[in-house]
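According to TrEMBL, the protein carries these features:
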type	residues	note
BINDING	A:HIS93	heme binding site
TRANSMEM	A:41-60	transmembrane segment
TRANSMEM	A:72-94	transmembrane segment
TRANSMEM	A:114-134	transmembrane segment
Amino acid sequence: MAALLLRNVGRHCLRAHLSPRLCIRNWSLPMAMSICHRGTGMALSAGVSLFGLSALLIPGNFESHLELVKSLCLGPSLIYTAKFALVFPLMYHTWNGIRHLVWDLGKGLKIPQLYQSGVAVLVLTVLTSAGLAAM
Amino acid sequence: MASLWRLGVLCGAQGGRALFVRIPVVRPAQVSAFLQDQPAPGWCRTQHIHLSPNHYSGSKAASLHWTGERVVSVLLLGLIPAAYLNPGSAMDYSLAAALTLHSHWGLGQVVTDYVQGDALQKAVKAGVLALSALTFAGLCYFNYHDVGICKAVAMLWKL
């Protein structure tokens with residue numbers, strides 16, 4: 001039953017000219033983390049570009065914009081959540097980036113090590129994001 | 001492209017003569033040249049990607065680019081805690097430069113991986129260059145006329 005379903009999904013993916021890898025039943029942790037590394041990288045890039053462009057295009061200085069946000073009187077839990085949401089992709093990309101650099105040195109490339117370092121990155125990401133958002 | 005790199009790595013040490021080079025970004029044309037030139041005796045289930053001197057196509061640009069990317073990554077990694085401990089104008093401009101360069105090259109890799117066709121790839125890369133240039137200009141403007149990156153983060157976090 002499940003095989004039939006997957007066969008149809010796969011056919012749909014190929015017909016839609018999507019990469020068949022998106023329809024693979026067994027996603028692996030390294031694969032998912034690699035995609036997230038790219039995703040967070042692009043998101044962070046977009047954020048930096050938005051910041052830079054708005055400095056050029058939007059009138060008013062940074063302080064006035066901050067005052068605007070302050071005037072919204074957002075609750076502390078909402079502010080914490082927002083900070084967490086900002087710092088989480090940065091931390092993930094940073095820690096996974098270090099993992100990439102270690103690979104570039106030729107270390108930690110065995111399959112079990114891939115999974116171990118992957119889990120370590122995820123744990124570090126959550127801990128450091130929570131810590132930084134609390135500052 | 002990353003999968004090609006891993007293929008080579010997984011195939012391990014086969015033949016002392018093979019000069020093993022990891023190239024994360026390899027254009028399709030170069031790959032087929034490599035694979036044609038090297039008949040792998042004793043096929044493992046994956047293929048080698050060899051680079052021996054007499055088949056070397058000549059330009060070191062890709063290799064230098066790769067090294068440059070890693071250098072900027074390490075630099076940026078160091079700048080972040082440094083900016084926290086020692087904020088200031090010099091740090092602001094260094095951050096702006098490293099951030100935009102790292103993101104420019106990163107977006108370049110994404111474009112290389114997903115945009116097919118020579119003309120379209122060139123056009124999109126030009127767009128990325130424009131975006132990076134504007135971003136850098138904006139960040140420098142912010143550093144000069146406004147509070148600067150380090151101070152801005154501090155102010156935002158005090159919210």
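Heads up, the Cβ atoms here are built off N, Cα and C, so glycines get one too.
Within its own chain, the transmembrane segment (A:114-134) has Cβ neighbours under 8 Å at 29-30, 33, 80, 83-84, 87-88, 91-92, 95-96, 99, 102, 108, counting only residues six or more beyond its boundaries. Long-range C-beta contacts of A:HIS93 (heme binding site), restricted to its own chain and to partners at least six residues apart, with a cutoff below 8 Å, comprise A:HIS37, A:THR40, A:GLY41, A:LEU44.
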